[in-house]
Amino acid sequence: MIDLLIIAGPTAVGKTDISIKLAEKLNGEIISADSMQIYKYMDIGSAKITKDEMKGIPHHLIDVVEPHEEFNVSSFKDLAEKSIKDIWNRGKLPIIAGGTGLYINSLIYNYDFTDADRDEKYREYLTKLAEDKGNEYVHSLLKDIDEESYEKLYPNDLKRVVRALEVYKITGKSISEYIKENEKKLYDIPYNVNYFILNMNREVLYERINKRVDIMMGKGLIEEVKKLESMGYTPDMQSMKGIGYKEVLFYLNGDISLDEAIYLIKKGSRNYAKRQLTWFRKDKRSIWIDKDKYSSEEEIVDKIIKMVKDK
């Protein structure tokens, strides 16, 4: 069985530094579980790790696809599983680091996101419905059939909303029901999972998020978005709907002021962190690490290593 170490948590909590220190001490390589860092050219807005910050530790699933290309949880699962096997077969420890809970779940739960047959006509109908009546309307259709997905997914995540509705139409079951009916096989995975969630005081986390946004602006987020536009990437693409990118696009189009854009990026990032924490709390296998209780990152790293070895 393959040992798999997972370091997750909300945006700006400090997953990158902890995961690198762990990789250094445990002879590991890092697989990014971040739905924005998979895109090329989108470096500043995704807070993508730099080559210097990697400190020589190999990183996987960063800069995987072009911003216009389709990439979903199934794509991630396929690439991540290949990377895990490759890292393990070379005698190293695969470490998953990131904040996209759905990506992480695709590895630690044994369910197939593509089990139900597809209904292209229904997908096209829902997409057209979103164009005519808005994403919020299509999202509202989930409420009566799958309240959990309704709460979990947000309206602009149209692809996943459509998928949830499609599964219900084909199977007569919500995705939530489908998963519950298959709970016995859910944990039948080829990994020995050690799953840690980093967290900290909410006020401190929000301060870090606000500061990170200011740093992004200082590094040239506006110029990055301008460059992406000049390369032909448009607001309707999934990648360009990411927090930071959509707000700057609004600013560049003259819809809002720069101050408003910065405010919205900070607010959107804080709300995203809140949603991430809600997601991670649902997994009973995860061990929470309160960073406020430790005097240094080294102490946190040593604590995680001890818990892994004592398991």
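Placed from the backbone N, Cα and C atoms, the Cβ positions cover glycine too.
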Checking feature assignment: region 'Interaction with substrate tRNA' per Swiss-Prot, candidates 34-37, 170-173, 226-229, 274-277. Which range matches?
34-37
On the three-state reduction of DSSP, what should I expect for ALA12 (ATP binding site)?
coil
Looking only at DSSP and grouping its letters into three states, which state does THR100 (site 'Interaction with substrate tRNA') belong to?
coil
Residues in the region 'Interaction with substrate tRNA' (34-37) grouped by DSSP into helix, strand and remaining coil:
0 helix, 0 strand, 4 coil
Please report the Cα separation of GLY9 (ATP binding site) and THR100 (site 'Interaction with substrate tRNA') in Å, rounded to an integer.
9
8 Å Cβ shell about GLY9, PRO10, THR11, ALA12, VAL13, GLY14, LYS15, THR16 centroid, ATP site members excluded:
GLY99, LEU198
